[in-house]
Amino acid sequence: MPLPAPFVERLEQIVPAGRFDAVLASFEAPVSTGFRVNTLLVPEDETVEALRGESVPVEAVAGVPGAYAVPSEGRAALLASRPYAEGHVYVQNVSSQLPPHALAAREGDRVLDLCAAPGSKTGQLSALVGAEGEVTAVEKVRPRFYKLKANVYAQGATNVLPWMGNGAVYWRREPEAFDRVLVDAPCSTEGRFRTHDPETTAYWSPRKVKEMRSKQVKLLWAGIQALKPGGTLVYSTCTFSPEENEGVVAKALRTFGDAIEVVDAGLPTTGPVAAQAVPGLTEWRGRPFPEAAANTRRVLPNGLLEGFFVARIAKHASTVDQNGQNGHS
Ligand SMILES: C[S@@+](CC[C@H](N)C(=O)[O-])C[C@H]1O[C@@H](n2cnc3c(N)ncnc32)[C@H](O)[C@@H]1O
């Protein structure tokens, strides 16, 4: 099944010229299975040893704490292993593991995970903030919310407060209350396209990109309102469309001005992620983005990594007036 032609045409303008062929080929190549060890249940070295004891061909991913991968031919052995059956292994693409590390949540932090289901990053954040910290995990879609709750429980996370509702309004309950905010936004999922799986491209259209952008703008705006001055927010997607990535960050900069700053995205500086990460675009189809868009990062897909986008925002001043209402519109 070929990729949608308008998508390929756009992709060629998004990806650096010398890397386009490799990116295109990645949509049909076999992929490794990325995973992390669920340290909420067992220490990392015990799990890795147990997997190797069952002859699972595990490789650590340099530069990404706790990340591992098995080649495509090792996937069946991983999924048949005892650590997997016992929930000690959490299958999650290595790109998807990056936003919680970029957020650099510390022990004891209060974190808001604004688009949380199925809870892969919630589990990572739970481990990072520890018993003294807390993760509020928001999800709007009811069946996905129940999946999130079950998944958080299965991962052994005891410091997560799940909340079902619209992430775009959560900040009104607790304005500027969180040390860290993750907005892992719903998106057009272009980074997950696979040519052999028509389901992955079935819902894509240029209209879908526009529709997702308008949701993302509201969610990022709300995430900034929930963040304490002095705090850090990460905005991430698994898509390539500049309208959903640099375009959303640019809109936040126009809205909040100097109260926020787009800082270095905080991705690994060594290993396979560093090799696949390129700066965000500073213009799209003749329209410039603010220079700071170059601090965002696009992770180009290969046999290990899905296509991903990560932006990190530092908040320097309050954006909410004294009544807890929006100070910027
Ligand atoms: C990319 S997924 C999040 C993946 C998740 N962070 C993880 O790592 O497992 C985006 C999620 O946002 C949810 N969502 C969409 N609109 C929302 C909204 N307005 N408020 C809260 N959640 C929303 C979707 O239902 C979906 O579960």
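Even glycines carry a Cβ here, placed using N, Cα and C.
The domain 'SAM-dependent MTase RsmB/NOP-type' annotation in TrEMBL covers 23-316.
DSSP assigns Asp184 (S-adenosyl-L-methionine binding site) to a strand. For Cys115, Ala116, Ala117, Pro118, Gly119, Ser120, Lys121, Glu139, Asp184, the entry in TrEMBL reads S-adenosyl-L-methionine binding site.
Among the features that TrEMBL reports, active site, nucleophile is placed at Cys238. A C-beta separation below 8 Å, combined with a sequence spacing of at least six in one chain, links Cys238 (active site, nucleophile) to Ser95, Ser96, Cys187, Thr189, Glu190, Gly191, Arg192, Glu306, Gly307, Phe308, Phe309. In three-state terms derived from DSSP, Cys238 (active site, nucleophile) belongs to neither a helical nor a strand segment and is classed as coil.
Packing around Lys121 (S-adenosyl-L-methionine binding site) is summarised by its Cβ count: 26 other Cβ atoms lie within 10 angstroms of its Cβ, all protein chains included. According to DSSP, Lys121 (S-adenosyl-L-methionine binding site) sits within a helical segment.
Cβ proximity to the S-adenosyl-L-methionine site centre (mean Cβ of Cys115, Ala116, Ala117, Pro118, Gly119, Ser120, Lys121, Glu139, Asp184, cutoff 8 Å) flags the following additional same-chain residues: Asp113, Thr122, Ala137, Arg144, Leu148.
Long-range Cβ neighbours of Ala117 (S-adenosyl-L-methionine binding site) (same chain, at least 6 residues apart, Cβ-Cβ under 8 Å): Glu139, Val141, Arg144, Phe145, Lys147, Leu148, Asn151. Cβ environment of Asp184 (S-adenosyl-L-methionine binding site): Pro99, Asp113, Leu114, Cys115, Ala116, Lys121, Val234, Ser236, Thr237 lie under 8 Å away, each six or more residues apart in the same chain.
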